[in-house]
Amino acid sequence: MSVINLSDLDLNSKRVLIRQDLNVPISNGVVTSDKRIKASLPTIKMALNQGAKVMLMSHRGRPIEGDPSDGFSLQPVADRLSELLNTTVRLEKDWLDGVEMNNGKVVLCENVRFNVGEMVNDDELSKRMAAICDIFVMDAFGTAHRAQASTYGVAKYAPIACSGPLLSEELDALGKALDNPKRPMVAIVGGSKVSTKLTVLESLSKIVDQLVVGGGIANTFIAAQGFNVGKSLCEYDLIPIAKKLMEDCEIPVSKDVVCGKEFSDVAEAETKASKDVADDDMIFDIGPKSAQQLADIMRNAGTIVWNGPVGVFEFDQFAGGTETLGKAIAESNAFSIAGGGDTLAAVDKYGIEDKISYISTGGGAFLEFLEGKKLPAVEVLEQRALEVIKLA
């Protein structure tokens, strides 16, 4: 990846517009999880310390474009930023015609999705955003897979468009895991359906040494080996694809599973061999023998990419597989990267965040990167960097 980095630029007295991912949970006007806000602070401080005029922008939720509802306002985020930065962070509601501010100060622009044309990458809106800054900084990996006005269009027209530290760090970590991995390389892909992760599975099967499948996805692979999966979620029409993937790549399939009769936090869990699943069983987790097999694979791995739990870990009786796997990844000497909402929830639940080499902030963007797709917001930064090289 060849892009301009924020750290390479002189920011003194410059109008710096930073696209961040401040889409955080809010209850009764108060931020309930400020992880993303805290992650954004080093970039903000870098610009402030150089005497820049700092304008932050982000989306929050899915409001109706053109309808600035208080329910989707970024005011609670501005309040929390003010506390964390120990300075007043003003929320700018009308910012598209420019913001009056002094050097070394920061404002938060109101929800970008209040602007008509944001989601469809409207050209005129993109130009208006670009006109209020000297430097545009893309620092929201979680939205890098979306070609929208505040992620893509503004980067086309801003005088300078660069990558922020968060985005650069994310891309470096993913590149290290996928482009030049230490072997053996192992990927874990969980989720409810093969169909939703098919492109990821096919892409990873070409580069990994072992591919671990979990969750509902694993049921289709168990069925592909001729075993009964009872009433479990299973895509029987994709069994030929599962068989093809198993021919192309080493995919360890569970020899034992944990079943229940209903999807419930009070359902009784029963461990049994995969070959003994009854017609009225539902598979909700891998069994302890299979979990131990996966743990051994993780401990010997050189690179681990983790996207998705291997069971219904939200229910404690079906959480053993994901817990064993997660702790084995944490204990491994491998370079490990974890991404996806359910995966991060598991990382939090088992307290292993500081033992994973890199935690990806992106959901959809993380998946698309694993699929081998170009991320539009990164692609446009590469194009802008190329223009600078040609002019030099």
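Every residue number used here counts from 1 along the chain in the order it is shown.
Glycine too: its Cβ is placed from the backbone N, Cα and C atoms.
Per Swiss-Prot, the candidate among Arg146, Arg183, Arg299, Arg384 that belongs to the substrate site alongside Asp21, Leu22, Asn23, Arg36, His59, Arg60, Gly61, Arg62, Arg113 is Arg146.
In the shown protein chains, 23 other C-beta atoms lie within 10 A of the C-beta of Thr343 (ATP binding site). Asn23 (substrate binding site) falls within neither a helix nor a strand when secondary structure is assigned with DSSP, and so counts as coil.
Reported as a whole number, the C-alpha separation between Asp21 (substrate binding site) and Thr343 (ATP binding site) equals 19 Å.
Taking each of the binding-site residues Gly61, Gly340, Gly341 in turn and counting other Cβ atoms within 10 Å of its Cβ gives the largest count for Gly340. In this structure the C-alpha atoms belonging to Asp342 (ATP binding site) and Gly61 (substrate binding site) are separated by 19 Å. Rounded to a whole value, the Cα-Cα separation of Lys197 (ATP binding site) and Gly61 (substrate binding site) is 24 Å.
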